[in-house]
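Asker: Here it is, the structure in full.
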Amino acid sequence: MTTKTLTSTTSVSSIIPALFAVVLGLGIITVTGHVQASTLHDAAHDVRHATGFPCH
Amino acid sequence: MMRHMTCAMPPAFPATKTMLTRILTSALFAGAAAGLIVALLQLFFVQPVLLHAELYETGALVHFGGDPVSAHPELPGLFDEPMRNLLSILFTMLTYTGYALVLVALMSQAERQGHVVTARHGIIWGIAGFVAFHFAPGFTLAPEVPGVAAADVGARQIWWVATVATAGIAMWLIAFGGNLVSYVVPALLLIAPHVIGAPEPDTFTGPVPTEIGALFAARAFGIGMAAWVLLGAFAAYFWQTESARDAAAA
């Protein structure tokens, strides 16, 4: 019983940080690569073209 | 019993925090390092092609207009537009940090399932990441030189996201599936977005010579692959270093 608790705790604690990191990473990629706000678009313009994001 | 209890007692929070710190730290190091190198490579190899294309996009140069146009016009140098290039460096580092967060999180899960992830393995991870995030969408929506005709940007972004997602799942299945189905399903996932087709423009209006467009796509893919190989190796290296440091501290 005690061992089972330990295993499930470890397993949950391993997935949540990974999920958080994935969401954070995809959020950053969305901002740098996809958001069309003109200031962002202008600043990231060359990077979007060079990195293969749909730009204009 | 008491010993077991003591073992089970440490709550999830510190473990979660350590794990999160490890992922964030290694992703930040890997993304910043790979991003900086890649930004310099892009400025050297991709930016001149982009600037050349912009001369046609703005109409400063016109080909097939009468007189032959030189293929080697005067282009702005690296230090002529410092703010523009500094922003490019910053955004490249940010973008690759975003990729690194996804990559290290997946590495942590692969390791949890008993797979070994060394820096050498990281190179393969990087190539898989390049296929998922760069090559798969670029196979139909080729890296765009400024001035090309293209369909609505929102529609292309939806197709881009769907293609990256299916290609990412395909790469994971090929790497960790281990049976025949896990090769057939990825093949279908990789092909499907291109059979369905990406949003295409109704007419061609691009003023940029095809030679520049082709060179731009080739350079973007080449630097992209180098970028992901570096990112994969760095991500795995820093992930291992952070894990070893935590193990030593424990």
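The count begins at 1 with the first shown residue.
Each residue, glycine too, has its Cβ placed from N, Cα and C.
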Asker: Labelled transmembrane segment by TrEMBL, one stretch among B:58-77, B:118-137. Can you tell me which?
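Answerer: It is B:118-137 that TrEMBL describes as transmembrane segment.
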Asker: For the transmembrane segment (B:180-196), which recorded stretch in the set B:86-106, B:118-137, B:216-239 gives the largest number of Cβ pairs separated by under 8 Å?
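Answerer: Most Cβ pairs under 8 Å with the transmembrane segment (B:180-196) come from B:118-137.
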Asker: Among B:118-137, B:157-175, B:216-239, which stretch has the most Cβ pairs under 8 Å to the transmembrane segment (B:86-106)?
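Answerer: Ranked by Cβ pairs under 8 Å, first place goes to B:216-239.
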